[in-house]
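What TrEMBL records for A:31-141 is domain 'PurM-like N-terminal'. If you look up TrEMBL, you'll see A:D33, A:D78, A:D214 marked as Mg(2+) 3 binding site. As annotated by TrEMBL, Mg(2+) 4 binding site applies to A:D33, A:S48, A:D78. Residues annotated as Mg(2+) 1 binding site in TrEMBL: A:T49, A:D50, A:D125. Per TrEMBL, the feature Mg(2+) 2 binding site maps to A:D50, A:D78. The annotation substrate binding site is assigned in TrEMBL to A:H57, A:D264, A:F325. Sequence annotations record features per position, and here TrEMBL assigns ATP binding site to A:G124, A:D125, A:R149, A:S216. Positions annotated as domain 'PurM-like C-terminal' by TrEMBL: A:153-299. According to TrEMBL, the Mg(2+) 5 binding site annotation covers A:D217.
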Protein chains: 2
Amino acid sequence: MLSEFSLIDRFFARRAAARPSDAASGSLGIGDDCALLAPPEGEMLAISTDMLVEGRHFFPDIDPEALGHKALAVNLSDLAAMGAQPLAFTLAFALPKADETWLAAFSEGLFALAERYGCELIGGDTTGGPLNLCITVFGSVPPQAALRRDTARPGDDIWISGTLGDARAGLGIQRGEWSADASDAATFRRALERPEPRVALGLALRGIAHAALDLSDGLAGDLLHILERSNVRATVNVDAVPRSAALRRLPPDIQRRCTLAGGDDYELCFTAPATARASVEAAGREVDVSVTRIGTISALQAAERPAIGWRDAAGAPLTLTLQGFDHFHAD
Amino acid sequence: MLSEFSLIDRFFARRAAARPSDAASGSLGIGDDCALLAPPEGEMLAISTDMLVEGRHFFPDIDPEALGHKALAVNLSDLAAMGAQPLAFTLAFALPKADETWLAAFSEGLFALAERYGCELIGGDTTGGPLNLCITVFGSVPPQAALRRDTARPGDDIWISGTLGDARAGLGIQRGEWSADASDAATFRRALERPEPRVALGLALRGIAHAALDLSDGLAGDLLHILERSNVRATVNVDAVPRSAALRRLPPDIQRRCTLAGGDDYELCFTAPATARASVEAAGREVDVSVTRIGTISALQAAERPAIGWRDAAGAPLTLTLQGFDHFHAD
């Protein structure tokens with residue numbers, strides 16, 4: 001556990017070891033064979049794991065401080081999508097070499113976000129090898145309050161937090177697919193490298209939203225996960241999908257591609273009954289995150305499969321050929 | 001979550017999805033943003049994570065079925081060392097390509113062990129990239145029964161399960177450092193590739209052992225973790241350290257190197273009061289695992305640091321220069 005390089009002890013174990021090594025308090029922490037953790041009385045642990053690989057999930061030249069942020073942010077985003085309160089995480093990583101400057105910046109980005117969400121490092125593993133980061137994150141949620149994927153119901157509105165597409169726009173600029181002025185390019189790059197997990201919104205939506213997930217692979221593919229698990233269809237107004245002022249300055253076809261089939265958005269997509277519109281909007285205001293209605297859920301008719309019907313602002317059907325986010329490479 | 005390649009869905013998600021997707025039953029399972037898991041009433045989750053990298057933790061030509069076994073075994077071994085009952089695990093991995101034959105064999109080795117210990121796959125992540133396996137494992141243990149590292153007491157005996165050194169002997173043969181006849185070489189290779197986690201022994205030692213850990217980096221280095229966390233010293237009879245008949249056929253200096261500074265043993269090293277000798281032996285018999293007393297714990301005298309005093313069978317002090325297991329490469 002975090003003991004193989006003294007540099008790593010210095011940057012990680014020390015900050016992790018700040019927590020009490022007393023099982024009764026909730027966690028044994030770093031330095032034993034296992035960490036001990038229990039959810040609060042009546043709640044369950046929500047658990048998610050993500051692996052990030054250089055060249056696939058981030059560019060080799062990424063600022064290591066941004067990488068530290070993003071590696072934890074994408075995991076916290078999974079907790080947000082369950083309506084779970086962050087508690088703790090483990091970090092396993094392979095590094096080609098123990099580079100002090102790199103580790104200092106990476107750990108700074110990681111712990112700055114962890115501390116903001118009260119999410120403590122309770123264990124890990126480090127080894128040499130091609131750069132690879134694997135975080136497993138733990139949150140707590142009362143099981144009946146968990147925001148699942150299989151609970152969307154006909155008549156629900158479909159909502160999106162924040163705006164979509166900026167991260168994909170940033171990836172396109174780094175790849176040379178399109179360009180933007182320096183200020184917009186910085187906006188897109190920030191969205192790509194420093195997503196903000198919607199933890200507070202996920203908590204505020206407990207008891208209001210029916211189904212939820214976080215958008216990591218693009219709206220078109222991710223919303224389909226809710227539809228398939230809930231056995232329903234969706235109708236989405238593509239012109240209602242929220243986008244930033246910067247994205248609105250790119251050509252319309254690129255806007256659509258970035259918002260509908262982009263990825264790395266880490267915004268929440270959720271459904272809620274039409275009677276809860278005021279409550280959803282109040283939840284968004286309470287946590288200072290915009291929420292936008294983009295469509296509705298409907299029941300499957302005979303022989304229909306779960307699918308998304310795309311419409312323009314006038315309600316006319318659109319035929320879109322969209323693929324999910326390809327994480328830098330086509331599979 | 002396990003959805004990026006259809007081959008992976010086929011080999012992993014299907015077997016994982018066999019579990020009920022009902023939060024009330026204990027786990028939401030694969031297919032949502034998070035798995036939901038809670039320990040039984042009054043217990044805590046014991047959590048450990050390990051990352052295995054090709055060329056560092058296993059040879060590129062390892063049988064993938066053995067790799068599937070070992071990747072989970074080393075994690076279950078951490079649960080064993082806490083006296084925890086296995087419950088579940090997550091699997092994240094990077095693969096250079098989705099090779100059907102490889103995945104079939106790997107998943108076979110993984111699930112055969114998982115099913116033997118009732119440990120279910122509840123989530124994961126898959127991506128392309130240099131071969132890397134990261135498992136996070138979850139067990140349950142009443143906090144007061146957990147076998148920690150910081151609870152060794154002066155007067156305790158030091159015990160070892162099974163035998164030590166065979167895995168290091170197998171590594172030496174693969175590296176061409178020494179040789180053995182085909183039968184002994186097969187014994188060593190099996191120890192290296194298919195360690196058996198001492199889960200049943202860990203459970204049987206609840207309430208009997210004071211401190212415990214699993215031996216992954218060699219006795220000399222690992223026992224020191226107990227001493228440092230418990231602030232005590234140890235005296236160990238090097239001739240009492242248990243070894244297999246096959247290892248006894250290698251030269252004495254290699255036997256010593258393999259048993260004391262080898263690695264990948266995944267046996268338990270634990271301490272227990274001298275009054276508990278009969279109970280320890282009964283626990284070993286109950287689970288059919290040999291247990292051997294190799295030394296004693298003593299209090300630190302003024303200005304002493306936690307350390308191991310090595311003795312031969314006659315009680316004469318030995319000066320040994322030992323390094324922990326280097327996981328195939330020197331750091």
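Glycine residues also receive a Cβ, built from the backbone N, Cα and C atoms like all the rest.
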Original post:
Which binding-site residues among A:S216, A:D217, A:D264 have a Cβ sitting under 8 Å from any chain B Cβ?
Top reply: none
**OP:** Give the three-state DSSP assignment (helix, strand or coil) for A:D214 (Mg(2+) 3 binding site).
**Re:** strand
Original post:
Out of A:D33, A:D50, A:D125, which of these binding-site residues is nearest A:D264 (substrate binding site) by C-alpha distance?
Top reply: A:D50
Original post:
For A:S48 (Mg(2+) 4 binding site) and A:D214 (Mg(2+) 3 binding site), what Cα-Cα distance in Å is obtained after rounding to a whole number?
Top reply: 12
**OP:** Sort the residues of the domain 'PurM-like N-terminal' (A:31-141) into helix, strand and coil with DSSP and give the three counts.
**Re:** 36 helix, 45 strand, 30 coil
**OP:** Tell me, in order along the sequence, which binding-site residues from A:H57, A:G124, A:R149 have their CA within 10 Å of A:D78 (Mg(2+) 3 binding site).
**Re:** none
**OP:** Would you mind reading off the Cα separation of A:R149 (ATP binding site) from A:D50 (Mg(2+) 1 binding site), to the nearest angstrom?
**Re:** 18
Original post:
Distance between A:D33 (Mg(2+) 3 binding site) and A:G124 (ATP binding site) at the Cα atoms, whole Å?
Top reply: 10
Original post:
Can you count helix, strand and coil residues in the domain 'PurM-like C-terminal' (A:153-299) using DSSP?
Top reply: 71 helix, 29 strand, 47 coil
Subject >> Rounded distance in angstrom between the Cα atoms of A:T49 (Mg(2+) 1 binding site) and A:S216 (ATP binding site) >> reply: 13
